[in-house]
Amino acid sequence: MDWLFFGEISLAGLAMGGLYALIGLGFVIIYKATRVINFAIGEIMMFAAYLFLAFAGGMEMSPWVALPLAVLGGSLLGGVIEKIMIRPMLGESSISVVMVTIGIASILVGVVEMIWGADPQLLPSFLPRKPVFIGEMYLAPKIAYGFLIGAALLIVYLLYFRFSRGGVALRATASDQAAAYSMGINVRRVFNLAWVFGSLAASLAGVLVAATGGLSPQFGAIGLSVLVVVIVGGLDSIVGALIAGVFIGWLETVAGAYLGGEYRMPATFAVLAVILVFRPYGLFGTHEIERV
Amino acid sequence: MRIGDAKQSYEADEAILTSSTQKIWFALFLFALLLFPFVADAYLLYLGCLVGIAVISTTGLNILTGFTGLISLGQAGFMGVGGYTVAWLSANTGLPFPVTLLLAGLLAAAVGILVGLPSLRVKGLYLAIATLAASVFLHFIFAEWESVTGGMGGLSLEPAHLFGLTFQSDFGMYFIIVPLAVLMVLAAKNVFRTRIGRAFIAIRDRDISAEILGINLLHYKLMSFALSSFYAGVAGGLFAYFFRVVTPESFPLSMSIFYLAAVIVGGMGNLLGGILGAAFMTLIPEALKLLTAALTPFYPNAPIFMSPMLEIIFGALIVGFLIFEPHGLAEIWHRIRRFFSLWPFKN
Amino acid sequence: MSSILEINNLSLSFGGVKALQDVSFRVPENTVTTVIGPNGAGKTSLFNCISGFYKPQQGTIRYQGEVLAGVKPPVRAAMGLARTFQNIALFRGMTVLDNIKLGAHVHMKSGLLGSLAYFGAARREEMAVRSHVEQHIIDFLEIDHIRRQPVASLSYGLQKRVELARALAMRPKVLMLDEPVAGMNREEKEDMARFILDIREEWGVTVLMVEHDMGMVMDISDHIAVLNFGQVITEGLPEEVQKNPQVIEAYLGTSDMDSLRKKLNPEQEVA
């Protein structure tokens, strides 16, 4: 076995996994606060990446202006979706709400294709191109720097949710909506903010992933990988999303490199199937007590 | 205006068609279905067959998602199992179509049970994700198991045959698809007149109470999966006979979402809704095609926008119906009927 | 009198919370036995253990002499343990009639093929259930006028009655009623009390009930067990229980009636 090759593949996979962890975090934020499983998260990522393409490519802005604008656009989209399509579903069965997010995903794919066409496109490159070596192992610079930016946001998020007022409100709402409401927390606002913050994380990851692999209206399928991440980690566990994100990213890349691209999805979904059978609430998720 | 009619027996009271008005309408409807292929042109006939296939598959998914409350993203995968079964059998055995379709349904049902097994431990959305995993695996098998499925190129089929008759044209296929659709919808209706259907609905409404009242949850969830995927398998088999070719791309994930949309738009947990939803969702792309053709002389770009427009319309229908009319087209239909059943004595 | 149900040293806890501690009492056959106790005393948890939904960490539940450990809830239902729920658990997607027929599920046999065809044995079985439900349950509980209605449209009292009907369709030997008259008006309560007595006398069913309405409990119970903080304080005849100082304390916080009166009515003292 060629250990150097394995090391390089693993490194690329782990870096990719870091971005999965970020998207997973966005997903978990939304789920924890609102109990909505967001099947449209991949499409929100895609939308932000196309915004970046429009700003940096079409309008020829500096990528460092376009990136925050695109991420902002993606998070606004999340907020708007929550306000006009998710809020009316408050109190409906979780299955109905999930289906609404599936519908939203379909709308976003159509809109993107309508505006930017169906053909795959490349994002203008904006990350440093100097090869990165860790020891002897080579890591593609796009992936390395993408990982660093993603990791930075991830750390900011973790600190924010641990220490800020907003973070406390979010965690309070997650653990008991009624109690949070009676303590004067504006639960509706928390719901909205959760969507905004969750979409923000997803949007940044969306631009970074698209920068390494290109962009097309099918890009949202990455949402399926994210789904695997959050189920394996546990839907309501931030730690779970981080660990599972890194692991699934690594597994996908290694399976793709050694077995072929067609094995990427089956490999991760096999892990998912095992988890569903043996630890249905994920590695770190909480299992709620059922009542009659 | 319809007036009440008293029943003499419980049997009469529990019949599917309880009034003579209903019986007449139903007979007229069947007669129209029979007459349709003789008056319709080739295009309408083609649509009729498509709607028939969609009705069978939607009814199956409605049993699982609408009546038992188990959301499935695997419907296209189960249809694929049926489609490939029929394709393989017709290439390798020469069995007549009733046998191949039955086997297609049974194999799909077996796969359905396998996919439903995690429902022993997980429910709700976790189960939906198990069905998603199943559809990923099935797609992988369709694409990679080349010796059986023909890989990415897929398999092509001989026309359906029985007793020396071959059903090559849409005209012939219509007489397989539509009677089967009618039969399978009626069978589903029957299920919901008995203890099994009640058990399904009980699981959907309150699974824990249902268990305490004597319903073995795993048993009935698996039965619902089996029944639903049997319908999908038969629909997939008909799909294969109708298009005479199956490839991994014949049964994409978007097809599962299409059927979910048909169930929602039609009305979850309502068989009539499933029929309406299937017809509506099948006809929308066709209506859009007509509209595009009409617009092309003025906007030459119109055809490019057709496929994304379709995505937007499907998505908007799902969202719109869930928010504004969660009981779907069936509810609208009932409203219209209530209006006419008292007409003209109500304003 | 022999006991149809015997609870021995039952303990149940969730994490650190002890819902039931060493609970023992018996349900004599063909009686109305009532479990009373303040809110949070563990009454519903006890029912859930008997139904098999919660698995107690310790102790046994003996039903007709047989220990129930490891028996799954649907099997217990088939053995004759039927119940209603505190916060009405009717199936909202079904009519009243279908809800009641669902209760008969465990006593029916028809399989999937019979159901699909609605032919032969399956059809005859459905008809037999329908006529049993109509003649013995719907008539008895006086709910003929609502049989076609979806349950969601009914008043609270009627919903409770439909739940009772569904439990009766299970052909119970022990009928467990979780707060059968909570939230009812006086007339509805009297109806319900009459039904419960009739069920015991005419159907020979043992009734095990949880109820807060002391008037009704004392009127119709043959045997009472008092639960407080997950423990049985006492059990016995209604008169015995009423006099027990521990029971009075559990309910009113003190057994000293004088000091209680002072607490309730401080102004009187001044006057």
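Any Cβ shown, glycine's included, is placed from N, Cα and C.
Unlike curated entries, TrEMBL annotations are predicted automatically.
Annotated features in TrEMBL:
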TRANSMEM  A:12-31  transmembrane segment
TRANSMEM  A:36-55  transmembrane segment
TRANSMEM  A:61-81  transmembrane segment
TRANSMEM  A:93-118  transmembrane segment
TRANSMEM  A:138-161  transmembrane segment
TRANSMEM  A:193-215  transmembrane segment
TRANSMEM  A:221-251  transmembrane segment
TRANSMEM  A:263-282  transmembrane segment
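Contact between the transmembrane segment (A:36-55) and the transmembrane segment (A:138-161) is absent: fewer than three CB pairs lie under 8 Å, with pairs separated by 6 or more positions in sequence. Under 8 Å from some Cβ of the transmembrane segment (A:193-215) lie the Cβ atoms of residues 16, 19-20, 22-23, 25-27, 29-30, 32-34, 38, 41, 44-50, 52-53, 67, 70-79, 81-82, 86, 120-123, 125-127, 140, 142-143, 146, 149-150, 153-154, 157, 166, 170, 222, all in the same chain and six or more residues away from its ends. Beyond the transmembrane segment (A:138-161), the same-chain residues lying 6 or more positions past its ends with a Cβ under 8 Å from any Cβ of the stretch are 8, 11-12, 15-16, 18-19, 21-22, 25, 29, 125, 127-132, 167, 170-171, 197, 201, 204-205, 208-209, 211-212, 238, 242. Listed by sequence, the residues of this chain that lie at least six past the ends of the transmembrane segment (A:12-31) yet keep a Cβ under 8 A from its Cβ atoms are 37-38, 41, 45, 139-140, 143-144, 146-147, 150-151, 153-154, 157, 161, 170, 194-195, 197-202, 204-206, 208-209, 222, 225-226, 229-230, 233, 235-238, 240-254.
Within the chain carrying the transmembrane segment (A:221-251), a Cβ under 8 angstroms from the stretch's Cβ atoms is held by residues 10, 13-25, 27-29, 31-32, 37, 39-43, 45, 105, 154, 158, 161, 174, 209, 265, 267-269, 271-272, 275-276, 281-286, all 6 or more beyond its ends.
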